[in-house]
Amino acid sequence: MNLLTKILRMGEGRKLKALQRTVEEVSAREPEVRGLSDAALRARTDEFKERLQGGETLDDLLPEAFAVVREVARRTLGLRPFDVQVMGGVVLHQGKIAEMKTGEGKTLVATMPVYLNALAGRGVHVVTVNDYLARRDAEWMGPIYEFLGLEVGVIQESMGFEERKKAYAADITYGTNAQFGFDYLRDNIATSPDQLVQRELHYAIVDEVDSILIDEARTPLIISGLPESAADLYYRFAAIVPRLREGEDYEVDEKKRQVAPTEQGVAKVEKALGIPNLYDGVNTNLVNHLIQALRAHTLFRRDREYIVRDGQVFIVDEFTGRVLEGRRYSEGLHQAIEAKEGVEIKEENQTVATITIQNYFRQYEKLAGMTGTAATEADEFMHTYKMEVVSIPTHRPMIRVDRDDLVYRTKKAKYAAVIDDIVERHRKGQPVLVGTVSVEVSEHLSALLKRRGIKHNVLNAKHHEREAEIIAEAGKKGAVTIATNMAGRGTDIKLGGSDESGGGEEWTEEHERLASEIMEKYPTITRDMLEGRSLESLEVVNLGGLYVLGTERHEARRIDNQLRGRSGRQGDPGESRFYLSFEDDLLRLFGGQRMQSLMERIGLEEDEAIEAGMVSNSVRRAQEQVESRNFQMRKRILEYDDVLNKQREVIYAIRREILMGEKVDTMSYVEDVLTDVISRYASEDVYPEEWDLEGLATELNRFYPCQVDFSSLDIESATADQVREMVLEDARERLEERRAEWEERTAELERRGLARADGLDSFEEAERRTLLSVVDSRWREHLYEMEYLREGIGWRGLGQRDPLVEYKREGYDLFVEMERGIREDYVTYIYRIENLKLSETDVERLSYSGGGEEPNQRPKSPRRRSERKIGPNEPCPCGSGKKFKKCHGRVGAPPLPTSQSQ
């Protein structure tokens, strides 16, 4: 053991001693609390709340509050949290991660910090990996909270708005990370305060924290809007790409998950499409179509990265084997896969709101988590979330036996050995859990077992409906269960099946005989651990418990540990082993030459296995290499998203102010916009004789109905300030006229007993709604531009420039441009408010198309669309040399000439 490890372990020991002292304080209050009546126990909640208001802290209340929850759990559920569970609860209250092994009762652990933090009255969120677990945990632990006078809500995907609002208003809310995240995004595209559901992000406990905060960190949550149509192109490229040859027409880098066409490949594609140059400016969208079609063809495999069900493509979570409902690959990849599989293409959507899991959860005032496997990712938790990992001791000693890996030359030989092992274990009655890395492998093994006549269950993304039922029965005698990765995580596998206790089964001589054999075989197992168990449960324990068989090492050691952790719960016996082959992706891609030379030196027969420390070390090194790479990828994603996150915070804060009734200072927007216009046409740095007052009048009319008579100016003595004062005074008068007209018309409608069609009660409300629509529209366009910038920024590295620095700089410029666009759009709108419907569609139409001086003076003939929409940052087709958004794509700009129109 090196010095650093010793120091770290000493630190761990000190932490556990401090936690133990807190546990002793909780236990010291137990006799007093146990003597209270139900009513007196319930009354402690109000007492705690009063003490908080009186200046005491949650830390002051912790020993008493935890003792109260411990007693209520005993009375309502018949479960008394062990000392190690109380210890885990303290860690969660401290905003840290409690690493607790499978079967240690994490669900019960959470009740103590949840209750304590709910006393503050600001809401507590308990985050789970799926809807089933959210509902199960809320119902299971609900009696504790309800006994203590707290309300419990649960969020489910199928819930409507009113149900969600009620669930969030409760003291404690259970739900999935996706539901909490999407509700946050929906709140930030709401158009009235009545549409908000969430309260402040106060305190959250994340169950299976490694799965949610690390494994899903690379997948952003996205709410999308209406699409652009390009289905035919996806099908065309799906037909072209299979005709290309790897190595000649394109190169694939499986490690980096990248693909690149060669010059020869590009020439073939150009010929197939009948175009002279794929990289010509008007064909830039075709390059992305080619890249995504190549990725879909080479890197994404059916029944591994995705499945096809009911004519739709569903992403499969590589870590859990579950279908990621509602998630789609971005940048056209999902559509490329749909075209490859020949199913209907669902059009690309425009991003309306997006946030990464990382940045959503970093917003909580206090964040805690629990899992069975976090130690290997401790650095990442600290770096990204500032969360410390604390390993909690098990209640009973762990006696599972983890066997060395067996490595075969080929997958075929490996699977044959796996099936033989399963058959042998099944015949003696030992339950077997087989872990696979993909749906494809699980179904292949299932077919092999069927040939051998072995009854079994398959748990993968295709059979997720029966997940809890299948996993709960995986510990029955003779059961064989094949599961993709950690499908079924969160559900305990009890030896003998879900009814481990046998429903109060009376013990016989056979029970006694088995109990004696077990205690003789396993000295750490005591009689009280066996009492009350069913005969089947005792038989399974005597057979060695659950046997976990991994068919491939995962990229992350943590996922392997999770699989192993399904066995040996609460001091039960268990066994685990991984079967590998040199053809496995991990060994093939990351094992390097060492593995190849080892294989050649040993000269293995196909059906022979090696079981050597050298192989295990090579596997560990390969896993560490991948873990490091994945951490760097997540870290880089976060660095880029942090740029957008700061901008998001600004925009969402503005929206929230508008939404909550903050009065809009319209005149300040008018002053900013018109001052900018005046500085371009009548600058104080230019002689008045050189001012373009005619051009100024025309430009001002694009923003408001200008009535300034510039001919009255004495041009020789005029100043820029004088011009500014004239314009702003006129603009102020026109705004007041608009306001007066509005109020007059509204009053007239009221006199007639009518209501406004747009539902706006006052000009103030109209100002708020208009600004909100403009902010949303411009933010959507900005998200598109930032995504466009992000996709191409990597090439800056070739010019010896740091892509991240460039992204920050250009992202800031785009944000400043967006802010100016918001001001200009708002001013244009507010002066014409009586003539326009206040909808986001109209705001977008104004932003992207243009028109005359008045929005209702549009050309009567419809504008033609070419196949491709002109991007805001592309050169304007009119030939001016300016970006499109600065020229004919600008608010109020005249339409392009017919031959060039969009």
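Each Cβ is built from the backbone N, Cα and C atoms, and glycine gets one as well.
The feature ATP binding site is assigned by Swiss-Prot to Q85, G103, E104, G105, K106, T107, D492. The feature Zn(2+) binding site is assigned by Swiss-Prot to C876, C878, C887, H888. Here Swiss-Prot flags 846-902 as region 'Disordered'.
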Longest inter-residue Cα distance for the ATP binders Q85, G103, E104, G105, K106, T107, D492, rounded to the nearest angstrom, is 17
Can you tell me whether DSSP puts T107 (ATP binding site) in helix, strand or coil?
helix
Relative to the mean position of the Cβ atoms of Q85, G103, E104, G105, K106, T107, D492, the recorded ATP site, which additional same-chain residues have Cβ within 8 Å?
M100, T102, L108, V109
Of the binding-site residues listed (Q85, T107), the greatest number of other CB atoms within 10 A surrounds the CB of Q85
Q85 (ATP binding site) -> DSSP, reduced to three states, gives helix
Number of Cβ atoms other than its own within 10 Å, given for G103 (ATP binding site)
21
Taking each of the binding-site residues E104, D492 in turn and counting other Cβ atoms within 10 Å of its Cβ, which one has the fewest?
D492
Ten-angstrom check, please: count other Cβ atoms within 10 Å of the Cβ of G105 (ATP binding site), all chains counted.
18
Output, ordered by sequence, the same-chain residues six or more apart from K106 (ATP binding site) with a CB under 8 Å from its CB, or 'none'.
G88, A98, M100, D207, M370, T371
